[in-house]
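Reading through the C-alpha coordinates given below for one structure.
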Amino acid sequence: MPPPLQAHRLLISHRRLPTPARRRFTAASSVQSAPATTLAPGPATSSILSIRESLLSGERTAADITSEYLSRLRRTEPTLRSFIHVADAAAEREAEELDRRIASGEKDAVGPLAGVLVGVKDNLCTANMPSTGGSRILDGYRPAYDATAVRRLREAGAIVLGKTNLDEFGMGSTTEGSAFQVTTNPWDDSRVPGGSSGGSAAAVSARQCVVSLGSDTGGSVRQPASFCGVVGLKPTYGRVSRFGLMAYASSLDVVGCFGSSVFDTATILSVVAGHDKMDATSSSQVVPEYASELVSLDLLESKPLNGVRIGIIQETLGEGVASGVVSSIKGAASHLEQLGSVVEEVSLPSFSLGLPAYYILASSEASSNLSRYDGIRYGGQVSADDLNELYGESRANGFGHEVKMRILMGTYALSAGYYDAYYKRAQQVRTLVKQSFKDALERYDILISPAAPSAAYKIGEKINDPLAMYAGDIMTVNVNLAGLPALVVPCGFVEGGAAGLPVGLQMMGSPFCEVKVMVLITFRTGDCSTFLQGSSLNSGVASR
(Lines of atoms letter the chains of each structure in order from A and count residues from 1; the text may use other names and numbers.)
(Lines give C-alpha, C1' and ligand atoms only; values in the text may rest on other atoms or scores of the structure.)
Protein backbone atom coordinates (compact mmCIF):
# COMPACT_ATOMS: atom_id res chain seq x y z
CA MET A 1 0.00 0.00 0.00
CA PRO A 2 1.12 3.59 -0.47
CA PRO A 3 2.95 5.20 2.44
CA PRO A 4 1.33 8.06 4.39
CA LEU A 5 1.06 11.03 2.05
CA GLN A 6 1.25 14.71 2.71
CA ALA A 7 -2.01 16.51 2.05
CA HIS A 8 -1.96 18.67 -1.05
CA ARG A 9 -3.15 22.24 -1.02
CA LEU A 10 -4.11 24.75 -3.63
CA LEU A 11 -1.07 27.03 -3.72
CA ILE A 12 -0.10 30.25 -5.40
CA SER A 13 3.34 29.19 -6.54
CA HIS A 14 5.11 26.46 -8.42
CA ARG A 15 7.57 26.42 -5.52
CA ARG A 16 7.36 23.89 -2.71
CA LEU A 17 5.92 24.97 0.62
CA PRO A 18 6.77 23.52 4.02
CA THR A 19 4.86 20.25 4.42
CA PRO A 20 1.46 21.19 5.88
CA ALA A 21 -0.07 19.28 8.74
CA ARG A 22 -3.16 17.19 8.15
CA ARG A 23 -6.41 18.13 9.82
CA ARG A 24 -9.96 16.82 9.82
CA PHE A 25 -12.98 19.00 9.20
CA THR A 26 -15.52 18.88 11.97
CA ALA A 27 -18.34 18.80 9.46
CA ALA A 28 -20.11 15.54 8.78
CA SER A 29 -18.31 15.26 5.44
CA SER A 30 -15.07 14.29 7.25
CA VAL A 31 -12.84 15.86 4.63
CA GLN A 32 -9.09 15.75 5.07
CA SER A 33 -7.22 18.81 3.88
CA ALA A 34 -4.31 21.03 4.76
CA PRO A 35 -4.80 24.16 6.84
CA ALA A 36 -4.05 27.59 5.48
CA THR A 37 -0.29 27.91 5.16
CA THR A 38 1.91 30.97 5.01
CA LEU A 39 3.64 31.14 1.65
CA ALA A 40 7.39 30.83 1.95
CA PRO A 41 10.22 30.55 -0.55
CA GLY A 42 11.47 27.09 -1.34
CA PRO A 43 13.00 24.97 -4.08
CA ALA A 44 11.12 24.66 -7.36
CA THR A 45 8.85 21.63 -7.62
CA SER A 46 9.07 21.34 -11.40
CA SER A 47 10.34 17.87 -12.28
CA ILE A 48 11.20 19.09 -15.77
CA LEU A 49 13.33 21.97 -14.44
CA SER A 50 15.00 19.69 -11.92
CA ILE A 51 15.99 17.19 -14.60
CA ARG A 52 17.26 19.90 -16.93
CA GLU A 53 19.34 21.56 -14.20
CA SER A 54 20.84 18.26 -13.08
CA LEU A 55 21.86 17.41 -16.66
CA LEU A 56 23.40 20.83 -17.31
CA SER A 57 25.31 20.82 -14.02
CA GLY A 58 26.60 17.29 -14.56
CA GLU A 59 25.06 16.23 -11.26
CA ARG A 60 23.19 13.39 -12.97
CA THR A 61 23.14 11.68 -16.35
CA ALA A 62 20.13 10.97 -18.49
CA ALA A 63 20.93 7.27 -18.18
CA ASP A 64 20.75 7.50 -14.37
CA ILE A 65 17.42 9.33 -14.49
CA THR A 66 15.98 6.84 -16.98
CA SER A 67 17.19 3.91 -14.87
CA GLU A 68 15.54 5.40 -11.77
CA TYR A 69 12.15 5.76 -13.45
CA LEU A 70 12.34 2.35 -15.11
CA SER A 71 13.20 0.76 -11.78
CA ARG A 72 10.16 2.35 -10.14
CA LEU A 73 7.98 1.37 -13.09
CA ARG A 74 9.06 -2.28 -12.89
CA ARG A 75 8.40 -2.32 -9.16
CA THR A 76 4.91 -0.78 -9.34
CA GLU A 77 3.61 -1.93 -12.72
CA PRO A 78 2.48 -5.42 -11.63
CA THR A 79 -0.04 -3.71 -9.33
CA LEU A 80 -0.88 -0.54 -11.27
CA ARG A 81 -0.85 -1.82 -14.88
CA SER A 82 -0.57 1.74 -16.21
CA PHE A 83 1.29 0.79 -19.39
CA ILE A 84 0.24 -1.41 -22.29
CA HIS A 85 3.74 -1.24 -23.77
CA VAL A 86 7.06 -0.17 -22.21
CA ALA A 87 9.89 0.75 -24.57
CA ASP A 88 12.62 0.31 -21.96
CA ALA A 89 15.44 -0.63 -24.33
CA ALA A 90 14.69 2.29 -26.68
CA ALA A 91 14.48 4.70 -23.72
CA GLU A 92 17.85 3.56 -22.40
CA ARG A 93 19.44 3.99 -25.84
CA GLU A 94 18.01 7.50 -26.22
CA ALA A 95 19.25 8.45 -22.75
CA GLU A 96 22.76 7.17 -23.51
CA GLU A 97 22.78 9.12 -26.79
CA LEU A 98 21.73 12.28 -24.94
CA ASP A 99 24.56 11.80 -22.45
CA ARG A 100 27.01 11.36 -25.31
CA ARG A 101 25.86 14.58 -26.96
CA ILE A 102 26.07 16.52 -23.68
CA ALA A 103 29.58 15.17 -23.04
CA SER A 104 30.69 16.18 -26.53
CA GLY A 105 29.52 19.75 -25.92
CA GLU A 106 26.75 19.91 -28.50
CA LYS A 107 24.93 23.15 -27.76
CA ASP A 108 21.51 21.95 -28.85
CA ALA A 109 21.71 18.67 -26.95
CA VAL A 110 19.74 19.86 -23.94
CA GLY A 111 16.34 20.83 -25.31
CA PRO A 112 13.53 22.08 -23.08
CA LEU A 113 12.48 18.48 -22.39
CA ALA A 114 15.88 16.78 -22.54
CA GLY A 115 15.88 13.59 -20.48
CA VAL A 116 12.19 13.92 -19.53
CA LEU A 117 10.46 10.53 -19.49
CA VAL A 118 7.00 10.76 -21.10
CA GLY A 119 4.13 8.30 -21.11
CA VAL A 120 1.87 8.49 -24.19
CA LYS A 121 -1.77 7.42 -24.19
CA ASP A 122 -2.17 4.52 -26.57
CA ASN A 123 -4.62 6.30 -28.87
CA LEU A 124 -1.78 8.59 -30.02
CA CYS A 125 0.30 7.13 -32.83
CA THR A 126 3.96 6.39 -32.14
CA ALA A 127 6.39 5.19 -34.79
CA ASN A 128 7.81 1.72 -34.14
CA MET A 129 5.64 1.16 -31.06
CA PRO A 130 2.27 -0.57 -30.77
CA SER A 131 -0.65 1.84 -30.99
CA THR A 132 -3.82 -0.05 -30.19
CA GLY A 133 -6.30 2.50 -28.88
CA GLY A 134 -6.92 -0.04 -26.12
CA SER A 135 -8.78 -2.23 -28.61
CA ARG A 136 -8.25 -5.78 -29.83
CA ILE A 137 -9.14 -4.67 -33.33
CA LEU A 138 -5.78 -2.83 -33.52
CA ASP A 139 -3.76 -5.40 -31.57
CA GLY A 140 -0.25 -5.40 -33.05
CA TYR A 141 -0.73 -2.25 -35.14
CA ARG A 142 2.48 -0.20 -35.41
CA PRO A 143 2.14 3.17 -37.18
CA ALA A 144 4.84 4.42 -39.50
CA TYR A 145 4.71 7.90 -38.00
CA ASP A 146 4.39 9.85 -34.76
CA ALA A 147 1.36 11.94 -33.87
CA THR A 148 2.25 15.63 -34.11
CA ALA A 149 2.17 16.08 -30.32
CA VAL A 150 4.51 13.10 -29.88
CA ARG A 151 6.86 14.31 -32.62
CA ARG A 152 7.13 17.74 -31.03
CA LEU A 153 7.93 16.19 -27.65
CA ARG A 154 10.70 14.11 -29.21
CA GLU A 155 12.10 17.15 -31.03
CA ALA A 156 12.26 18.96 -27.67
CA GLY A 157 14.38 16.13 -26.26
CA ALA A 158 11.73 14.06 -24.45
CA ILE A 159 12.13 10.29 -24.19
CA VAL A 160 8.95 8.30 -24.84
CA LEU A 161 8.87 5.62 -22.17
CA GLY A 162 5.89 3.71 -23.47
CA LYS A 163 2.17 3.61 -24.19
CA THR A 164 -0.35 4.00 -21.39
CA ASN A 165 -3.60 2.13 -20.87
CA LEU A 166 -7.03 3.58 -21.69
CA ASP A 167 -10.66 2.72 -22.13
CA GLU A 168 -11.09 1.35 -25.64
CA PHE A 169 -10.85 4.25 -28.12
CA GLY A 170 -11.34 6.65 -25.21
CA MET A 171 -14.88 5.46 -24.48
CA GLY A 172 -15.13 5.17 -20.71
CA SER A 173 -14.51 6.81 -17.36
CA THR A 174 -12.62 4.12 -15.43
CA THR A 175 -10.03 2.46 -17.75
CA GLU A 176 -11.92 -0.78 -17.08
CA GLY A 177 -12.97 -0.63 -20.73
CA SER A 178 -9.49 -1.49 -22.00
CA ALA A 179 -9.31 -4.70 -24.01
CA PHE A 180 -5.98 -5.58 -22.37
CA GLN A 181 -5.97 -4.86 -18.62
CA VAL A 182 -7.52 -2.85 -15.79
CA THR A 183 -5.37 -0.03 -14.38
CA THR A 184 -5.58 0.66 -10.64
CA ASN A 185 -5.38 3.91 -8.69
CA PRO A 186 -2.00 4.59 -6.99
CA TRP A 187 -3.80 5.96 -3.92
CA ASP A 188 -5.79 2.75 -3.41
CA ASP A 189 -5.29 -0.20 -5.73
CA SER A 190 -8.86 -1.37 -5.20
CA ARG A 191 -10.13 1.77 -6.96
CA VAL A 192 -10.22 3.05 -10.52
CA PRO A 193 -7.82 5.76 -11.73
CA GLY A 194 -10.55 7.39 -13.81
CA GLY A 195 -10.70 7.43 -17.57
CA SER A 196 -10.32 7.26 -20.32
CA SER A 197 -6.74 8.49 -19.76
CA GLY A 198 -6.42 6.52 -16.53
CA GLY A 199 -3.09 4.94 -17.45
CA SER A 200 -1.47 8.32 -18.14
CA ALA A 201 -2.77 9.82 -14.87
CA ALA A 202 -1.76 6.81 -12.76
CA ALA A 203 1.72 6.72 -14.32
CA VAL A 204 2.44 10.34 -13.32
CA SER A 205 0.84 9.89 -9.91
CA ALA A 206 3.04 6.85 -9.21
CA ARG A 207 6.10 8.59 -10.67
CA GLN A 208 6.53 5.93 -13.32
CA CYS A 209 7.18 8.78 -15.74
CA VAL A 210 7.71 12.53 -15.39
CA VAL A 211 4.76 13.73 -17.47
CA SER A 212 2.29 12.11 -19.84
CA LEU A 213 -0.02 12.82 -22.75
CA GLY A 214 -3.71 12.01 -22.73
CA SER A 215 -6.76 12.91 -24.76
CA ASP A 216 -9.91 14.64 -23.53
CA THR A 217 -13.23 14.22 -25.34
CA GLY A 218 -15.55 14.73 -22.39
CA GLY A 219 -13.25 14.90 -19.36
CA SER A 220 -10.79 12.09 -20.03
CA VAL A 221 -7.82 14.13 -18.78
CA ARG A 222 -9.50 16.12 -16.01
CA GLN A 223 -11.43 13.36 -14.21
CA PRO A 224 -8.40 11.00 -13.96
CA ALA A 225 -6.28 13.94 -12.77
CA SER A 226 -8.77 14.45 -9.95
CA PHE A 227 -8.92 10.75 -9.06
CA CYS A 228 -5.12 10.33 -9.09
CA GLY A 229 -4.15 13.63 -7.42
CA VAL A 230 -2.14 15.14 -10.28
CA VAL A 231 -2.41 18.24 -12.47
CA GLY A 232 -4.37 17.71 -15.70
CA LEU A 233 -4.69 20.24 -18.52
CA LYS A 234 -7.26 20.25 -21.32
CA PRO A 235 -6.33 22.96 -23.85
CA THR A 236 -8.73 24.91 -26.04
CA TYR A 237 -10.08 22.91 -28.98
CA GLY A 238 -7.63 23.47 -31.84
CA ARG A 239 -4.72 24.58 -29.64
CA VAL A 240 -2.95 21.21 -30.10
CA SER A 241 -2.92 19.27 -33.35
CA ARG A 242 -5.05 16.13 -33.45
CA PHE A 243 -2.98 14.59 -36.25
CA GLY A 244 -2.12 11.06 -35.16
CA LEU A 245 -4.83 10.94 -32.49
CA MET A 246 -7.26 8.10 -33.13
CA ALA A 247 -10.55 9.87 -33.69
CA TYR A 248 -13.43 9.27 -31.30
CA ALA A 249 -15.53 12.46 -31.65
CA SER A 250 -13.66 14.84 -33.91
CA SER A 251 -15.41 18.04 -32.84
CA LEU A 252 -14.68 17.30 -29.17
CA ASP A 253 -11.30 15.50 -29.08
CA VAL A 254 -8.36 17.41 -27.58
CA VAL A 255 -4.81 16.28 -26.76
CA GLY A 256 -4.05 17.15 -23.12
CA CYS A 257 -1.32 16.44 -20.59
CA PHE A 258 -0.59 15.43 -17.00
CA GLY A 259 2.16 16.55 -14.64
CA SER A 260 3.00 16.83 -10.97
CA SER A 261 2.95 20.66 -11.14
CA VAL A 262 1.29 23.39 -13.15
CA PHE A 263 4.74 24.45 -14.34
CA ASP A 264 5.33 21.03 -15.92
CA THR A 265 1.98 21.01 -17.73
CA ALA A 266 2.63 24.57 -18.92
CA THR A 267 6.00 23.50 -20.30
CA ILE A 268 4.48 20.54 -22.14
CA LEU A 269 1.73 22.71 -23.63
CA SER A 270 4.28 25.24 -24.90
CA VAL A 271 6.01 22.41 -26.76
CA VAL A 272 3.04 20.58 -28.29
CA ALA A 273 0.72 23.53 -29.06
CA GLY A 274 0.61 25.40 -32.35
CA HIS A 275 -0.68 25.16 -35.90
CA ASP A 276 -0.08 21.98 -37.85
CA LYS A 277 -0.61 21.74 -41.60
CA MET A 278 -1.67 18.12 -41.09
CA ASP A 279 -4.71 19.21 -39.02
CA ALA A 280 -7.07 21.73 -40.58
CA THR A 281 -8.76 22.32 -37.23
CA SER A 282 -5.55 23.36 -35.48
CA SER A 283 -5.39 27.06 -34.64
CA SER A 284 -2.82 29.45 -36.07
CA GLN A 285 -2.97 31.68 -32.99
CA VAL A 286 0.40 32.52 -31.49
CA VAL A 287 1.48 30.12 -28.73
CA PRO A 288 2.87 31.93 -25.69
CA GLU A 289 5.64 30.60 -23.48
CA TYR A 290 3.20 29.45 -20.82
CA ALA A 291 5.81 28.58 -18.21
CA SER A 292 7.36 32.06 -18.42
CA GLU A 293 4.02 33.50 -17.26
CA LEU A 294 4.37 31.78 -13.89
CA VAL A 295 5.44 34.50 -11.49
CA SER A 296 8.12 33.90 -8.86
CA LEU A 297 6.82 33.71 -5.33
CA ASP A 298 9.18 36.53 -4.36
CA LEU A 299 7.30 38.91 -6.66
CA LEU A 300 3.83 38.21 -5.29
CA GLU A 301 1.98 40.58 -3.00
CA SER A 302 0.16 39.44 0.13
CA LYS A 303 -3.11 39.59 -1.83
CA PRO A 304 -1.92 38.49 -5.28
CA LEU A 305 -5.45 37.88 -6.61
CA ASN A 306 -6.84 41.35 -5.94
CA GLY A 307 -9.29 42.23 -8.71
CA VAL A 308 -9.72 38.65 -9.95
CA ARG A 309 -13.38 37.61 -10.26
CA ILE A 310 -14.10 33.90 -9.93
CA GLY A 311 -17.46 32.25 -10.54
CA ILE A 312 -18.22 28.95 -8.84
CA ILE A 313 -20.81 27.09 -10.92
CA GLN A 314 -23.89 26.69 -8.74
CA GLU A 315 -25.16 23.57 -10.51
CA THR A 316 -21.97 21.64 -9.64
CA LEU A 317 -22.44 21.78 -5.86
CA GLY A 318 -25.93 20.38 -5.52
CA GLU A 319 -27.63 17.01 -5.51
CA GLY A 320 -25.52 14.07 -6.59
CA VAL A 321 -22.19 15.58 -5.54
CA ALA A 322 -20.46 13.97 -2.56
CA SER A 323 -20.44 16.17 0.53
CA GLY A 324 -16.69 15.73 0.94
CA VAL A 325 -16.11 16.98 -2.61
CA VAL A 326 -18.32 20.02 -1.99
CA SER A 327 -16.42 20.82 1.22
CA SER A 328 -13.05 20.57 -0.55
CA ILE A 329 -14.18 22.86 -3.37
CA LYS A 330 -15.64 25.41 -0.97
CA GLY A 331 -12.41 25.26 1.05
CA ALA A 332 -10.41 26.00 -2.09
CA ALA A 333 -12.77 28.87 -2.96
CA SER A 334 -12.30 30.30 0.55
CA HIS A 335 -8.53 30.06 0.11
CA LEU A 336 -8.79 32.01 -3.16
CA GLU A 337 -10.83 34.69 -1.38
CA GLN A 338 -8.15 35.00 1.28
CA LEU A 339 -5.71 35.75 -1.52
CA GLY A 340 -7.79 38.70 -2.68
CA SER A 341 -10.14 37.33 -5.32
CA VAL A 342 -13.91 37.79 -5.38
CA VAL A 343 -15.68 34.42 -5.50
CA GLU A 344 -19.40 34.32 -6.29
CA GLU A 345 -21.84 31.60 -7.24
CA VAL A 346 -22.98 31.76 -10.85
CA SER A 347 -25.82 29.80 -12.44
CA LEU A 348 -25.50 28.19 -15.86
CA PRO A 349 -29.10 27.13 -16.60
CA SER A 350 -28.11 24.91 -19.53
CA PHE A 351 -25.46 23.03 -17.52
CA SER A 352 -27.58 19.93 -16.84
CA LEU A 353 -28.48 19.66 -20.54
CA GLY A 354 -24.87 19.20 -21.55
CA LEU A 355 -24.55 15.56 -20.49
CA PRO A 356 -27.28 14.05 -22.74
CA ALA A 357 -26.28 16.35 -25.60
CA TYR A 358 -22.66 15.26 -25.26
CA TYR A 359 -23.44 11.55 -25.40
CA ILE A 360 -25.65 11.97 -28.47
CA LEU A 361 -23.03 14.02 -30.33
CA ALA A 362 -20.02 11.96 -29.26
CA SER A 363 -21.72 8.66 -30.09
CA SER A 364 -22.88 10.00 -33.45
CA GLU A 365 -19.38 11.07 -34.41
CA ALA A 366 -17.94 7.80 -33.13
CA SER A 367 -20.30 5.77 -35.32
CA SER A 368 -18.81 7.55 -38.32
CA ASN A 369 -15.16 7.65 -37.21
CA LEU A 370 -14.98 4.00 -36.22
CA SER A 371 -16.36 2.79 -39.55
CA ARG A 372 -12.75 2.72 -40.80
CA TYR A 373 -12.04 -0.31 -38.63
CA ASP A 374 -13.48 -2.90 -40.97
CA GLY A 375 -10.84 -5.61 -41.12
CA ILE A 376 -9.55 -4.40 -44.50
CA ARG A 377 -8.14 -0.90 -44.13
CA TYR A 378 -7.43 -1.26 -40.40
CA GLY A 379 -7.85 -3.91 -37.78
CA GLY A 380 -7.73 -7.65 -37.47
CA GLN A 381 -9.46 -9.61 -40.22
CA VAL A 382 -11.45 -12.82 -39.85
CA SER A 383 -12.07 -15.36 -42.58
CA ALA A 384 -15.44 -14.98 -44.25
CA ASP A 385 -17.32 -16.13 -47.37
CA ASP A 386 -18.46 -12.64 -48.44
CA LEU A 387 -17.60 -9.00 -47.83
CA ASN A 388 -20.51 -8.17 -45.53
CA GLU A 389 -19.72 -11.14 -43.32
CA LEU A 390 -16.04 -10.12 -43.22
CA TYR A 391 -16.99 -6.61 -42.10
CA GLY A 392 -19.46 -7.82 -39.51
CA GLU A 393 -17.34 -10.59 -37.98
CA SER A 394 -14.15 -8.52 -37.92
CA ARG A 395 -15.88 -5.70 -36.06
CA ALA A 396 -17.82 -8.06 -33.77
CA ASN A 397 -14.60 -9.81 -32.71
CA GLY A 398 -12.48 -6.67 -32.51
CA PHE A 399 -14.69 -4.16 -30.67
CA GLY A 400 -15.61 -4.34 -27.00
CA HIS A 401 -19.10 -4.00 -25.53
CA GLU A 402 -18.94 -0.26 -24.76
CA VAL A 403 -17.68 0.64 -28.24
CA LYS A 404 -20.39 -1.44 -29.90
CA MET A 405 -23.06 0.20 -27.73
CA ARG A 406 -21.91 3.73 -28.58
CA ILE A 407 -21.72 2.93 -32.31
CA LEU A 408 -25.31 1.69 -32.16
CA MET A 409 -26.45 4.74 -30.18
CA GLY A 410 -24.77 7.08 -32.66
CA THR A 411 -26.10 5.30 -35.73
CA TYR A 412 -29.60 5.45 -34.26
CA ALA A 413 -29.32 9.19 -33.51
CA LEU A 414 -28.17 9.87 -37.08
CA SER A 415 -30.83 7.77 -38.78
CA ALA A 416 -33.33 9.54 -41.01
CA GLY A 417 -36.29 9.14 -38.70
CA TYR A 418 -34.56 10.39 -35.56
CA TYR A 419 -31.94 12.91 -36.76
CA ASP A 420 -34.03 15.98 -35.91
CA ALA A 421 -35.20 14.61 -32.59
CA TYR A 422 -31.74 13.71 -31.31
CA TYR A 423 -28.70 14.92 -33.26
CA LYS A 424 -30.11 18.26 -34.37
CA ARG A 425 -31.53 19.00 -30.93
CA ALA A 426 -28.20 18.08 -29.30
CA GLN A 427 -26.42 20.56 -31.57
CA GLN A 428 -28.92 23.24 -30.51
CA VAL A 429 -28.19 22.46 -26.86
CA ARG A 430 -24.48 22.73 -27.63
CA THR A 431 -25.07 26.26 -28.88
CA LEU A 432 -26.88 27.12 -25.63
CA VAL A 433 -24.02 25.68 -23.58
CA LYS A 434 -21.46 27.73 -25.50
CA GLN A 435 -23.48 30.89 -25.03
CA SER A 436 -23.98 30.33 -21.29
CA PHE A 437 -20.23 29.92 -20.79
CA LYS A 438 -19.52 32.95 -22.95
CA ASP A 439 -21.92 35.09 -20.90
CA ALA A 440 -20.45 33.87 -17.60
CA LEU A 441 -16.85 34.41 -18.72
CA GLU A 442 -17.66 37.98 -19.69
CA ARG A 443 -18.47 38.61 -16.01
CA TYR A 444 -15.80 36.41 -14.42
CA ASP A 445 -12.12 35.82 -15.14
CA ILE A 446 -12.45 32.10 -14.57
CA LEU A 447 -15.10 29.60 -13.52
CA ILE A 448 -14.48 26.82 -11.02
CA SER A 449 -16.18 23.54 -10.14
CA PRO A 450 -15.35 20.04 -8.95
CA ALA A 451 -13.70 17.88 -11.60
CA ALA A 452 -15.93 14.93 -10.65
CA PRO A 453 -18.96 14.39 -8.39
CA SER A 454 -16.99 11.99 -6.18
CA ALA A 455 -13.51 10.73 -5.45
CA ALA A 456 -12.30 7.51 -7.10
CA TYR A 457 -14.73 4.64 -6.70
CA LYS A 458 -14.14 0.90 -6.43
CA ILE A 459 -13.15 -1.20 -9.42
CA GLY A 460 -16.30 -2.90 -10.75
CA GLU A 461 -18.63 -0.58 -8.83
CA LYS A 462 -20.19 1.03 -11.91
CA ILE A 463 -19.16 -1.22 -14.77
CA ASN A 464 -22.64 -2.78 -14.96
CA ASP A 465 -24.46 0.54 -14.61
CA PRO A 466 -23.52 2.63 -17.65
CA LEU A 467 -25.96 5.43 -16.82
CA ALA A 468 -24.31 5.95 -13.42
CA MET A 469 -20.92 5.95 -15.10
CA TYR A 470 -22.07 8.48 -17.71
CA ALA A 471 -23.49 10.71 -14.97
CA GLY A 472 -19.98 11.01 -13.53
CA ASP A 473 -19.02 13.11 -16.56
CA ILE A 474 -21.49 15.90 -15.70
CA MET A 475 -18.72 18.21 -14.43
CA THR A 476 -16.54 18.00 -17.53
CA VAL A 477 -18.52 17.45 -20.74
CA ASN A 478 -19.82 21.02 -21.02
CA VAL A 479 -16.27 22.33 -21.34
CA ASN A 480 -15.74 20.12 -24.40
CA LEU A 481 -19.05 21.17 -25.93
CA ALA A 482 -17.93 24.80 -25.58
CA GLY A 483 -14.33 24.11 -26.69
CA LEU A 484 -12.83 25.84 -23.63
CA PRO A 485 -9.53 25.30 -21.80
CA ALA A 486 -9.64 23.79 -18.31
CA LEU A 487 -7.11 22.85 -15.65
CA VAL A 488 -7.52 20.46 -12.73
CA VAL A 489 -5.36 20.72 -9.61
CA PRO A 490 -5.60 18.78 -6.33
CA CYS A 491 -7.40 20.77 -3.64
CA GLY A 492 -8.18 18.36 -0.81
CA PHE A 493 -8.94 14.86 0.37
CA VAL A 494 -11.91 12.75 1.31
CA GLU A 495 -11.75 9.62 3.39
CA GLY A 496 -10.91 6.37 1.67
CA GLY A 497 -7.99 4.06 1.09
CA ALA A 498 -4.95 4.05 3.35
CA ALA A 499 -4.17 7.76 3.13
CA GLY A 500 -7.30 9.47 1.84
CA LEU A 501 -8.48 10.03 -1.73
CA PRO A 502 -7.67 13.23 -3.65
CA VAL A 503 -10.24 15.72 -4.91
CA GLY A 504 -9.58 17.95 -7.91
CA LEU A 505 -10.61 21.57 -8.51
CA GLN A 506 -11.49 22.38 -12.14
CA MET A 507 -10.77 25.89 -13.46
CA MET A 508 -12.17 27.01 -16.81
CA GLY A 509 -11.34 30.05 -18.92
CA SER A 510 -12.08 31.70 -22.25
CA PRO A 511 -10.88 30.15 -25.51
CA PHE A 512 -7.09 30.34 -26.04
CA CYS A 513 -6.51 31.84 -22.62
CA GLU A 514 -4.88 28.79 -21.10
CA VAL A 515 -2.68 31.21 -19.20
CA LYS A 516 -5.76 32.43 -17.38
CA VAL A 517 -6.59 29.00 -15.98
CA MET A 518 -2.94 28.39 -15.16
CA VAL A 519 -2.18 31.64 -13.44
CA LEU A 520 -5.43 33.09 -12.09
CA ILE A 521 -4.80 36.48 -13.59
CA THR A 522 -6.37 39.90 -13.84
CA PHE A 523 -7.82 40.32 -17.29
CA ARG A 524 -6.52 43.58 -18.74
CA THR A 525 -7.16 44.92 -22.24
CA GLY A 526 -7.78 41.46 -23.65
CA ASP A 527 -4.41 40.06 -22.59
CA CYS A 528 -3.81 37.06 -20.36
CA SER A 529 -1.31 38.62 -17.94
CA THR A 530 0.15 37.37 -14.81
CA PHE A 531 -0.63 35.91 -11.45
CA LEU A 532 0.43 32.33 -10.85
CA GLN A 533 -1.91 29.63 -9.72
CA GLY A 534 -0.45 26.20 -9.13
CA SER A 535 -0.41 23.03 -7.16
CA SER A 536 2.72 21.75 -5.49
CA LEU A 537 2.64 18.06 -4.80
CA ASN A 538 4.63 14.91 -4.32
CA SER A 539 2.51 12.65 -6.51
CA GLY A 540 0.17 10.11 -4.97
CA VAL A 541 2.83 7.47 -5.20
CA ALA A 542 2.68 3.77 -5.09
CA SER A 543 6.22 3.64 -3.78
CA ARG A 544 6.28 0.01 -2.87
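Cβ atoms here come from the backbone N, Cα and C positions, even for glycine.
No curator has checked TrEMBL annotations; they are predicted automatically.
Features of the protein shown, as given by TrEMBL:
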ACT_SITE  Lys121  active site, charge relay system
ACT_SITE  Ser196  active site, charge relay system
ACT_SITE  Ser220  active site, acyl-ester intermediate
DOMAIN    64-517  domain 'Amidase'
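In this structure, the C-alpha atom of Ser220 (active site, acyl-ester intermediate) lies 5 angstrom from that of Ser196 (active site, charge relay system). Between the listed active-site residues, namely Ser196, Ser220, the fewest other CB atoms within 10 angstroms of a CB are found at Ser196.
If you draw a 10 Å sphere around the CB of Lys121 (active site, charge relay system), it holds 35 other CB atoms from the protein chains shown. For the pair Ser196 (active site, charge relay system) and Lys121 (active site, charge relay system), the C-alpha distance works out to 9 angstrom.
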